[in-house]
Amino acid sequence: MGNTNGDSAFNKRTIAAALANYIDAGSIVAGSAGLSLWVSYLKLSDTQIGLLGALSANAISAAVGALLGGFLADKVGRKAVYTNSMLVYALGICLVLFGVNFPMLLSGYIIIGLSVGADITASWTIIAENAPKKNRARHCGVAQVAWAAGAVVVLLLSVLAGDLGLLGNKIVFAHLLVIALITYILRIRLPESDAWQTKNQPEEAQAEKPAVLNKTSYFDLLKPMYLKSILFLMGVYLVWNLAAGVMGFFMPYIYQQVGGVSANMANLLQMGLFIFTGLGVALIFMPFADKYRKTVFGIAAFMAVIGWTLFLLPVEGLPILLLFIVVIGINNGAGQQANYQLWASEIFPTQYRASAQGLMFFLVRISIGIWSLFVPMIITNFGIGTMAAILLGCVTASMIIGLLFAPNTSGKSLEQIQEELYGSPQSQVKKGTESKIM
């Protein structure tokens, strides 16, 4: 749908929605950075630590939030979800800031995760629906820049406030609370998604016709015409995320093992990785993906193949790590992550767009959580080389699937893409897309 605010990707509607990614990345990094401090303060057991990790914004709570948020965004509107999610998020942050026991801390982590998951699905959807058809990649790229910025800022704040102990980590979370409240103020003043309004207004105006398209269910997404799109996107994104999940949580450890660097240097390398991610989005994906999408995807996806191959070479040390963060940063910025956001917003009809993204986000985060249980065992028993070989297979498979089956959607409106893939909305009804609410 065309954007009445102009073609600039950095307009209020896009930035307000893109801040979801800043908050997502910031929550994950802040939670990870402060974990050891909370363990010391509350004398947490291994079971309690495991619960915090499993139910954090990087795992189960975010997955469940995405599932709920996706359904609600299709049912009641994108704005209702992505606006109110900020208030829920603020509640979760306050529980962390004022937490004096484990139940308060765990509740805060869960609420943060639920709100982040719901926010991501609604925000990604509204960005694509409000973007001009010729510049959709540029607009979606703003969200990926925000993700990298969130990670870098939180890492930097964590380093600067490190000497303050737990208070320093609370300052980091407090900064996220401020961002969330600013985001809420921005969003409450903005209109609903054009595409969602267009879909629903005619149905309300024609009372004699049943509002069949408004009755959505996750079971509808199991129909062959939608399932094949989900399988394609999971082949690209979920498989790639098996590597990305390891990179996000275990890379500082791998840096120390392969490069022999200190813990502080490992954190600096991780910050460098996020910086190159932002550069990959801003300098490669945003300027070129609207016109040369498959080429951009292929080159950026191949960067991940190069990156994980480096750990199979008989060479170790800091130079290998520096080359790794450059090529993986480019991949993170212009490869599977950014293209997934774009494709997932394009290839589903309006009435299922957010639900489909919620379902896939759920599957990805749950899969990462399960996979992460086995990663330490593989590294300990078989070595980093074996893990690198497995992840090399994942990113290679993801690249091949993307190159073979990527849809031709560049420069087309969402309505045109929907009609090419599924026919007109009327024909969808005739095919039996009407269903009961989940």
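Including glycine, each Cβ sits where the backbone N, Cα and C put it.
Taken from Swiss-Prot, the feature transmembrane segment applies to 15-35, 49-69, 86-106, 108-128, 147-167, 171-191, 230-250, 268-288, 295-312, 317-334, 359-379, 387-407.
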Residues from the same chain, set at least six apart from the ends of the transmembrane segment (86-106), whose C-beta lies under 8 A from its own: 23, 38, 42, 44, 48, 51-52, 55, 112-116, 118-119, 170, 173-174, 176-177, 180-181, 183-184, 187
Among the ranges 49-69, 295-312, 387-407, the one whose Cβ pairs under 8 Å to the transmembrane segment (230-250) are most numerous: 387-407
Within-chain partners of the transmembrane segment (359-379) [C-beta distance under 8 Å, separation at least 6 from its ends]: 54, 58-60, 62-64, 66-67, 70, 117, 120-121, 218, 221, 230, 233-234, 237-238, 241-242, 245-246, 249-250, 254, 344, 386-387, 390
Same-chain residues near the transmembrane segment (171-191), Cβ under 8 Å, at least 6 residues beyond its ends: 12-13, 15-17, 19-20, 22-23, 26-27, 30, 33-34, 79, 82-83, 86-87, 89-90, 93-94, 96-97, 153-154, 157-158, 161, 164, 197
Of 49-69, 108-128, 147-167, 387-407, whichever stretch has the most CB pairs under 8 A to the transmembrane segment (295-312): 387-407
